[in-house]
Amino acid sequence: MFSQKSKKRARSGSASSTVPATDAPIVFTSPGLKSDTRIFVFKQEFHVHSIVLKLHSAYFRQFLDSPDKTEGPASAVFHYEYSTVVDDDGIWGLEPTLKAKEPTAKAIAKAQITSMEIENFRILLCAMYNRPYQIDDTVRLFGLVRVADFYRALPVVSSTLTGALVNSRIFHLKTENLISKDFKSHFQLCAPQILALAKKLRHSALFREAFIHVVSLWSSFADEKDLAAPVFKEVSVDSALRPLIEVEFTKLKYRWDPPTPIMVGDSSRNAEFYRLQSISKMEFLNILASDFAAGRCEKLQDVSYLNLTLSIFILLGILVSYLPQHYRIITRGTSEGISPYFILLGTTSGTCAFANILVSPISRADVACCKTISTFECLAGLLGIAQVGIQWFCFTIILLLFLVFFPRGPTLPDNESRNQHTWQTAVVVAFLCLLHGLVVILVSAALILTRPNSLGTWANVLGISATILAAIQYLPQISMTWHLGHVGSLSIPMMLIQTPGSFVWAGSLAARLGVEGWSTWGVFLVTGCLQGCLLFMGISYEIKAMRDKSNEEFGVTNARCVVGYLGDQQEAAETDDEGGANVEDGTSERSPLLNGSRKSSRTPPS
């Protein structure tokens with residue numbers, strides 16, 4: 001319905017005093033924001049926010065603040081105002097009200113039913129504002145996707161469509177099939193078109209549902225003449241969808257029937273049949289992966305600068321947050337107070353998290369897209385991988401410093417010696433971390449080369465392992481700090497940065513990877529909670545230590561006052577820097593009572 005010509009017409013404009021007569025305006029509200037955009041879709045008026053339109057629609061991001069934008073008067077209520085224009089072919093679009101021409105009755109008559117177009121646009125706005133909406137029939141579904149595609153807002157429709165399809169009548173309404181004379185649901189009859197639509201939307205649930213119906217209907221359209229019919233045309237000419245359907249149909253058909261040629265006497269069809277029979281599961285998955293990667297590339301090209309800024313801030317924050325810990329161990333010259341089991345669990349957890357995001361299908365698709373997109377878009381898309389990689393690298397540095405500065409000298413048999421570990425323990429921890437890393441690398445490489453279809457399961461195993469290790473990572477350190485009564489070489493500034501940063505980081509990864517990436521961002525959510533407990537304990541001990549030090553200094557000061565007072569009375573006593581009493585014979589309060597000589601060192605009076 002929409003053409004590229006009508007797309008190029010749209011430009012941002014200012015408010016106008018001349019507007020068409022409309023029904024009651026539909027107002028979309030957002031807390032803390034004032035409506036600054038008025039849109040007339042035929043006779044229906046909408047009050048919306050430009051920031052919401054720019055956030056979810058690449059179309060409005062491009063045209064709302066275009067160079068030829070005409071500024072409105074300062075007193076204008078709305079900063080942007082659009083009205084509907086319809087060309088002679090009945091194709092409608094939006095133009096700034098100041099430039100828009102009143103559509104003729106003939107042009108409107110050629111357009112789609114205006115009430116349906118108004119409702120399609122309203123549902124699109126509901127998706128942008130995260131308002132509930134319902135899809136009751138296939139006509140509404142196709143209309144919504146068509147409008148969303150024109151305004152380049154397919155991602156927001158895809159993310160909200162699942163809720164709109166729950167308990168929808170689209171799966172229950174039935175119509176008589178003119179060919180088979182039986183009643184089929186609207187969804188089943190339109191399954192091929194819905195499959196192509198789901199591919200465009202990148203909506204996995206809708207794709208699976210439509211795919212099942214298409215495979216079941218494929219036997220009714222074995223002839224190429226039938227496949228050219230409008231109902232099957234979109235999927236039959238699609239280079240990605242048709243091989244998938246044929247492979248699944250062949251597998252389903254010959255699960256029950258013996259493998260005989262599809263059409264006897266037709267050598268071309270026989271050759272095609274045997275080709276389908278020879279398609280391996282690897283090739284089938286490669287076809288599916290290539291289509292999935294294409295969708296990821298389109299998403300990476302639409303860079304969100306807000307998320308990009310937040311991701312760069314998190315990346316630098318991760319790097320800076322570990323520097324206080326590195327500095328504290330180096331300046332103290334010891335890793336005393338840091339539990340070796342904390343190091344072991346932290347390193348293995350970081351290794352699992354890094355491997356998880358590397359082998360994740362989403363991450364591998366992002367890496368593959370770097371061949372087709374710009375360098376800037378590639379770097380922006382791989383920031384999530386860089387964040388996890390920097391975190392793993394910085395914690396590995398802590399492992400090396402822990403090993404290098406591990407206390408190996410003799411220790412006095414005090415009460416703290418029971419909580420200290422031997423040099424052999426540190427070496428075993430380093431060896432286990434190295435062994436674990438090698439195992440993860442070898443298993444991941446083996447799966448990539450031999451069973452790439454299992455990488456999704458392996459990524460989930462790594463993610464669950466990382467979450468479990470992160471959940472218990474801080475328990476040994478909490479126990480050791482509790483028994484020592486001080487933080488030792490553990491850096492409180494590091495935890496002050498990382499504890500809130502873990503929650504921000506988890507939110508950023510969740511926004512980037514979605515619910516499907518729970519095994520990645522869940523690690524940092526758990527880590528933030530436990531690190532907060534350790535931080536609270538460390539701060540409590542530091543406050544207690546400062547109070548004890550203050551009390552000791554206060555006690556020493558009082559002791560000096562007392563000794564000084566006694567010295568004034570006895571005329572001969574002095575005090576040293578430590579508050580001890582130095583008598584005239586050179587002895588102090590620390591001198592033995594029996595020193596072998598009771599003679600005074602004073603010169604007898606002459």
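If you go along the chain as it appears here, the first residue is 1 and each next one adds 1.
In case you wondered, yes, glycine gets a Cβ from its N, Cα and C as well.
Residues or ranges marked as domain 'BTB' by TrEMBL: 35-137. The annotation region 'Disordered' is assigned in TrEMBL to 571-606. Per TrEMBL, transmembrane segment is recorded for 305-325, 337-359, 379-406, 427-449, 455-475, 518-539.
Where the transmembrane segment (337-359) meets the stretches 305-325, 379-406, 427-449, 455-475, 518-539, the count of C-beta pairs under 8 angstroms peaks at 455-475. With a threshold of 8 Å between CB atoms, the same-chain residues lying at least 6 positions outside the transmembrane segment (305-325) that come near it are 380, 383-384, 386-387, 390-391, 394-395, 397-398, 490-491, 493-494, 497-498, 501, 504-505, 508, 511-512. Taken together, the residues of the domain 'BTB' (35-137) have an average pLDDT of 78. Taking Cβ pairs closer than 8 Å, the transmembrane segment (427-449) reaches residues 340-341, 343-344, 347-348, 351-352, 355, 358-359, 399, 402-403, 455, 458, 462 in its own chain, all 6 or more past its ends.
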